[in-house]
Structures are given as structure tokens and as C-alpha cells.
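Taken straight from Swiss-Prot:
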type     : residues                                                                        : note
BINDING  : ALA7, VAL8, HIS9, PHE10, GLY11, GLY12, GLY13, ASN14, ILE15, GLY16, ARG17, GLY18 : NAD(+) binding site
ACT_SITE : LYS216                                                                          : active site
Amino acid sequence: MPYDKKAVHFGGGNIGRGFVAEFLHNSGYEVVFVDVMDSIIEALQKQSSYTVTEIGDDGEREFTIDHYRALNSKHEMDKVVQEIASADVVTCAVGPNILKFVAEPVAKAIDARTLDYPIAVIACENAINATTTWRGFIEGKLSEDSKSNLDKKARFANSAIDRIVPVQDKDAGLNVKIEKFYEWCVEQKPFENGGKKPDVKGIHYVDDLEPYIERKLFTVNTSHATAAYYGHQAKKQYIHEVLQDKKLHDIVRDAVKETAHLIVSKHGVSVQEQNDYVDSIIKRISNPVLKDNVERVGRAPLRKLSRKERFVGPAAQLAERGEKVDALLGAIEQAYLFQNVEGDEESAELAKILKENSAEEVVTKVNGLDKSHPLFEKILPIVKKVQGGS
């Protein structure tokens, strides 16, 4: 089947296959996967299709994803560049720390691009303004000619994505189980004045992305991670088990009550609307059908404890406003206790940092706060307590 639209997607993982590629495929795009994992690319090259199963309260729905191709960027970089140079859209779901490694092929493709409209560049990461970050890495590798007329060659749009992908069955192969709920918001201003807005069913284009990013990150990710870190200490296996425990359920609620206060006061969202949103999120992450593993949700604690992330991000803004942050501080303490968890490098690195640095150095290094910030003095005793093992 010939396609008149093409999207290149970096990252053949569950979010890439089960969310981004599903939407692109269902919107009539031929999808070209790019990854460095030999096993994923070989499987995609061998199999002509895979299944995405959406899990909801009302049961399951299956979708077949086909008519895709796959390239290994370790061995086929020239082909990757050619594909991007002739694509309508390039997306990624590789993890915020990997963005710098997927910049060069995009830069080379922009340099080589001869089409009379710009490619749309959209990062689909759990991070604020990830496309802007990716753009910085890409621009650092562009020719001077491309830099001088970049608007004609590429448009960069930040996005906010929200969809829970639970731990997959061991024998799932390429098939992905994913929750039915989704949100994919993309800023539309970058596509004005000569840009070509991707026609993707399910994307919600918005003028100002920040309220959507912060609402999602400081509600979904904050509640999810709070449940995971408290659940890990309570020896729970799944997130829904954490939330079935009334004491832990109330603790998670308290954390997102604090972030809700920020969302309402900063972005002008009504109290009722934010409360309804919080209720819907707690219901989502409480779904036992997802079998959402506590250790999976808790992994990468260093990133999750960083300055603009789900705990310190909202807590810092609230502290600057003189508002209450007690529940968020509790979650931060639990995150600091997520150390030396099997299969998670960051949890081992966190333990090392706590062992080798003073409490002041830890707060600066891990949380990105200097001593003058009002949150610094609130986190400092937590770190001292964790270091002391009390």
C-alpha cells in the first residue's frame, strides 16, 4: 500500500510501538522505526505486523500495526538520514537522557533536505520542553546554511504525552499492552507561517503547552511516583496494591493536593476541573488490570528527583510562593530511599552519591537547588536523615 505521508520514529520501545507509532499508523503515515537495539530492529524487520492491545475498564481492544519499516542506526546511518530528509515528521521516544545521541542524523537530514516544506520535529518524552532540548543538540550539528534558514527546513514543536505502559508479558515480543486513556498535546505555533502541521488523529494542538505539561507531570507523574516510592518501602509489588492501602492512598492524595494548588493558582484552572482531573488520574493508576509494577514506576530516581521533575519542580515553585510542601517532601524522602534496586543503574548511583557527598552537596547535585532557594533548607534534613539511616 503506497503512503503519501511518512514519519520516522526514534525508539522501538513500548511507547514508540504502542503509542506514537499506533497514532501515526492510524493517521495514514508509513512509519520508519530507528533504534540501536539489534533485537528490536531485527524483530521489526522480520515481522510484518504486531498488535497493540488497549486495556480499559470496559475490556480490551486490539489494533494491528503494519506497513512499517525498521533501520538500525548503528549500521545504517546513511539510510536513516535519507529517510528523515524525505519525511513529513520525525518523532522520538528514547528517554530524555538519550536525546543528544539522536541529534546528528536529524541534523544531517535537515542539511540534506530538498523538499519545499519543513519537517515537523516532535519529541515524545516525559520531560518539560524535550523538543527544545533536542533542537539544541540538533542545531549544534547543523551546517551554517541550514542554521540561517532553519524555518524553511524544520519546525520544532514541544509536546506532552500521557499514557501508562505497564510491564509487558515475557513472551509478548513486539506486541504491546497499553492503557486505553491517552493524551498527546502539541504546541501549534511552530507550524504557523509556512509550517506543515502533522495531521495525526489524537493529537490535541494547543497555543500554550505549559499548563498541559505541568498539569500532567505534576499530577500523573507525581502521584504515580509517590505511590511507587512509598509502595517500594511497604514491599508492595503493584501500584494498585499501594492505592488499596488507605494510609498510602491518602499520602498519594496529599501530594497531588499540593500540586493541584499550584496548577490552580498558576494556570487559572478551576478548582473543580483540577479536582476532577486528580480523581481521574488516581482511578487510572489504581486499575488492577494494568498490573503496574512498583519497581518499574520507581526506576531512574536521579532523574525523578531532579530540578524540573515531578517532585522538586512543583515543590520549588510552591516554596517560592510560601506554600505548603509537606507531602511532596515526604515523597522526596521515599525517592531518596530507592537505592540499589536490581536492574536500575540510577538507584545504585543514588546510593553512591549519598555515600560520597555531604548532604549540602547532594541537594545541589541531585535536586539542582542552591543554598539560597527556599526549598533547599527543607530538603537538607531529609537527606541527612537518609544518610544517617534513621
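In case you wondered, yes, glycine gets a Cβ from its N, Cα and C as well.
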Could you tell me which of these binding-site residues, GLY11, GLY13, has the greatest number of Cβ atoms within 10 Å of its own Cβ?
GLY11
Other CB atoms within 10 A, centred on ILE15 (NAD(+) binding site):
22
Cβ-based isolation winner (fewest other Cβ atoms within 10 Å) among the recorded positions HIS9, ARG17, LYS216:
LYS216
For LYS216 (active site) and ILE15 (NAD(+) binding site), determine the Cα separation and express it in whole Å.
17
Give me the non-local Cβ neighbours of ALA7 (NAD(+) binding site): same chain, 6+ apart in sequence, Cβ-Cβ under 8 Å, ordered along the sequence.
LEU24, TYR29, GLU30, VAL31, VAL32, ALA87, ASP88, VAL89, VAL90, THR91, PRO198
